[in-house]
Amino acid sequence: WIMGHMVNAIGQIDEFVNLGANSIETDVSFDDSANPQYTYHGVPCDCGRSCLKWENYNDFLKGLRSATTPGNSKYQSKLVLVVFDLKTGSLYDNQANEAGKKLAKNLLQHYWNNGNNGGRAYIVLSIPDLNHYPLIKGFTDTLTQEGHPELLDEVGYDFSGNDAIGDVANAYKKAGVTGHVWQSDGITNCLLRGLTRVREAVANRDSGKGYINKVYYWTVDKRASTRDALDAGVDGVMTNYPDVITDVMNEAAYKNKFRLATYEDNPWETFKK
């Protein structure tokens, strides 16, 4: 999965997919009442990027739905996965459950069209703080109560705080999550970060008894760091330059080992070599 980083304006969806992304990451900011409000990152952000692009969250969802609904004039068949980077740092810990409920209602109405031929992309809810694990239960309970538990088949989870792998496993235990887990690791492209924890996550994924199904690394903008990430065995790389990742994947060393994921590839299934 080539994951376009910080795709917060509707116009950027096409821009990143046309550069080779089959997945996008979108920031979600919340208001004081834990309503998802804007797709907005803010300052500071990755070097070389504008940090200030935004939409109202519900408008973005509608644009995303158009891009991921077969038959729509805006349909992009390659776009199969969306990571919502949930900026819950602005919330009190006791608002996490409420944020999950409200997120579920927004997605149900504006993205999944109340279960009636909505967008088809898989969704990853990425949470920066392990203490905010109740967001997951708020989300899953609400979709079930609204009569659409089947949509949970489309949803996965990620804790993005680079916490110790064991601590992340405990948070999932508390949240009642037993699958659909992506594990992120990384840092802004302005700084360097080694692959120690990525390798640990990959080992957990491949052990057959870990909690991780997929591993992605961010933010990867250079050919050398792309090669390092692929060599470490990641499933996804998040990037500001999808075309760079595409170029590396076409190199002799990688083109027979890796291919771009399609809608037919289950993002919750651990890949067996």
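Cβ from N, Cα, C; glycine included.
Now, the feature entries from Swiss-Prot:
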ACT_SITE  H5  active site
ACT_SITE  H41  active site, nucleophile
BINDING   E25, D27, D85  Mg(2+) binding site
DISULFID  C45-C51  disulfide bond
DISULFID  C47-C190  disulfide bond
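Sequence features annotated in Swiss-Prot and their locations in the structure.
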residue	record	contacts (Cβ under 8 Å, 6+ apart)
H5	active site	E25, D46, R49, W218, T219, M238, T239, N240
D27	Mg(2+) binding site	M6, N8, T39, Y40, H41, D85, K87
C45	disulfide bond	M6, C51, T188
C47	disulfide bond	T188, N189, C190
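All protein chains considered, the CB of C51 (disulfide bond) has 15 other CB atoms within 10 Å.
Apart from E25, D27, D85, the residues listed for Mg(2+), the same chain places the Cβ atoms of H5, M6, V7, N8, T26, V28, H41, V83, F84, K87, S126 within 8 Å of the centroid of those Cβ atoms. Using a 10 Å Cβ-Cβ cutoff, D85 (Mg(2+) binding site) registers 25 neighbours.
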